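Student: One structure follows; several queries about it will come next.
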Amino acid sequence: MKIFVVNSGSSSLKYQLLDMDSGVVMTTGLVERIGDAMGKVSQKSWPGTEREAEVEREVAFPDHRAAMHTVVELVTGADTGVIASSAEIDAIGHRVVQGGETLFKSTLIDDDVVEKIRENCHLSPLHNPANLVGIEVARELFAGVPQVAVFDTEFHQTMPAEAFMYPIPYELYEELKIRRYGFHGTSHRYVAQQAAAMLGKAEDDVNLVTLHLGNGCSMAAVRGGKCIDTSMGLTPLAGVMMGTRSGDIDPAILPFLMKEKGLSMDEVDSILNKQSGLKGICGMNDMRDIHAAAEKGDKKAALAVDMFVYRIKKYIGAYYAVTGPLDALVFTAGIGENDEIVRARVCANLEHLGISIDPARNAGRKKVATAVQADGSKVAILVIPTNEELAIAKATLSVLK
Ligand code: ADP
């Protein structure tokens, strides 16, 4: 059974071909800068043990259709690919960011589902339209192959109303469905399941705080294996501090900025999404550059890290209060997996909560799941590389079954 996973973003397209029988990733690739004057595609394939094929091409991709055509060519190419034709693909799994309140379970895609995803574009104007283009092109190019939508929001659907409602007029929820949805759900669920396995516990028997720290950052409170709260909200702008997104701020800052600086709503939106977070404080949004600058004495870089860590710590405290006795903190994604400094600083001085990290175990980037707590730490500290593609492929498979 071969499943092709598509994550179609606004200007990029990530994909993987997985052999579900052996659990092997056959191909992984990324198309970047779709719509720009020049784009790039890079792909790695493992057709078997005997060879690894790597391609990197600078080509212009006017749109997602062109990108997907090239992807199909590369995946099936005699020199570049692992399969002879796209007919070998049994199913396609699509990442979809937002399906609203009614569409969150992984589902077989038909015209009706496409229409519902389209209806929810206003809730996720940056992501849903791009996800839809990926779906539409794939339905065209792989006619007859079953396609499944897997939603970012699914894992968070178990949140109780007290966690997902905002304290604004109830009618706004009824009329516009304004509520907390949460994102990165595929990743939070994947690492929560892996954590349960590492702890030797049943999936529905773990209390966790999961930390997805990448360019976008979110946290989730997991009680009995179910998500009971998460830091992102109606949109992925809320919660902890991120690469370029502010996370939680006083909402009155928006009208204040509009009034004081004469900015439009779109301008304020762009400041909060693209020019805030780490970048807003120190001008950089890659944690590696920020650490390097801080080491050289850049005060704003140091402040950015201090703020990033402080805000995560506060969420740990808040979530600890609602999960009940905590089994583990789980770090994942670009920063969570690779950044020992952030992990160490987030866990520092939390011994009173039973959280104690071991510096030697924590050292270095983690390519495989690793427990990094000190001996005697009541709460485990796990670093678990996320694998959203595998999670999407598994969800796709279970829909087909
Ligand atoms: P995305 O949200 O785009 O999927 P990733 O999960 O790939 O992001 O995370 C990207 C971020 O991870 C980078 O911006 C960078 O800050 C961070 N990162 C990656 N490698 C390292 C590393 N070795 N040390 C510190 N941070 C890292």
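The first residue you see is number 1, and the count goes up from there.
Glycine is no exception: its Cβ is also placed from the backbone N, Cα and C atoms.
Nobody curates TrEMBL annotations by hand; they come from automatic prediction.
I grabbed these lines from TrEMBL:
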BINDING   Asn7, Glu388  Mg(2+) binding site
BINDING   Lys14, His212, Leu213, Gly214, Asn215, Gly216, Asp286, Met287, Arg288, Gly334, Ile335, Gly336, Glu337, Asn338  ATP binding site
BINDING   Arg95  substrate binding site
ACT_SITE  Asp152  active site, proton donor/acceptor
SITE      His184  site 'Transition state stabilizer'
SITE      Arg245  site 'Transition state stabilizer'
Student: Less than 6 Å between Cβ and the nearest atom of ligand 1 is the rule; apply it to the recorded positions Asp152, Asp286, Arg288.
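Tutor: Only Asp286, Arg288 qualify.
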Student: What Cα-Cα separation, expressed in whole Å, is found between Arg288 (ATP binding site) and Arg245 (site 'Transition state stabilizer')?
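Tutor: Between the alpha carbons of Arg288 (ATP binding site) and Arg245 (site 'Transition state stabilizer') there are 18 Å.
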Student: Measuring Cα to Cα, tell me the gap between Asp286 (ATP binding site) and the residue listed as 'substrate binding site' in whole angstrom.
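Tutor: Distance (Cα to Cα, whole Å): 25 Å.
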Student: When neighbour density is defined as the number of other C-beta atoms within 10 angstroms of a residue's C-beta, which of the recorded positions Lys14, Arg95, His184, Arg245, Arg288 has the lowest density?
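Tutor: If we count Cβ atoms within 10 Å for the recorded positions Lys14, Arg95, His184, Arg245, Arg288, the smallest count is at Arg288.
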Student: Measure the Cβ-based neighbour count of Ile335 (ATP binding site), defined as the other Cβ atoms within 10 Å of its Cβ.
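Tutor: Counting Cβ neighbours of Ile335 (ATP binding site) within 10 Å gives 25.
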Student: For His184 (site 'Transition state stabilizer'), which of these binding-site residues sit within 10 Å, Cα to Cα: Asn7, Asn215, Ile335, Glu388?
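Tutor: Among Asn7, Asn215, Ile335, Glu388, the ones whose Cα sits within 10 Å of that of His184 (site 'Transition state stabilizer') are Glu388.
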Student: With Glu388 (Mg(2+) binding site) as the reference Cα, tell me which of the recorded positions Lys14, Leu213, Asn215, Arg245, Ile335 is the closest one.
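Tutor: Closest by Cα distance to Glu388 (Mg(2+) binding site) among the recorded positions Lys14, Leu213, Asn215, Arg245, Ile335: Lys14.
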Student: What kind of secondary structure is Ile335 (ATP binding site) part of, going by DSSP in three states?
Tutor: helix
Student: In Å, rounded, how far does the Cα of Lys14 (ATP binding site) sit from the Cα of Asn7 (Mg(2+) binding site)?
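Tutor: The Cα atom of Lys14 (ATP binding site) is 5 Å away from the Cα atom of Asn7 (Mg(2+) binding site).
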Student: Have a look around Asn215 (ATP binding site) and count the other CB atoms within 10 A of its CB, chains all included.
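Tutor: If we count other Cβ atoms within 10 Å of Asn215 (ATP binding site), we arrive at 16.
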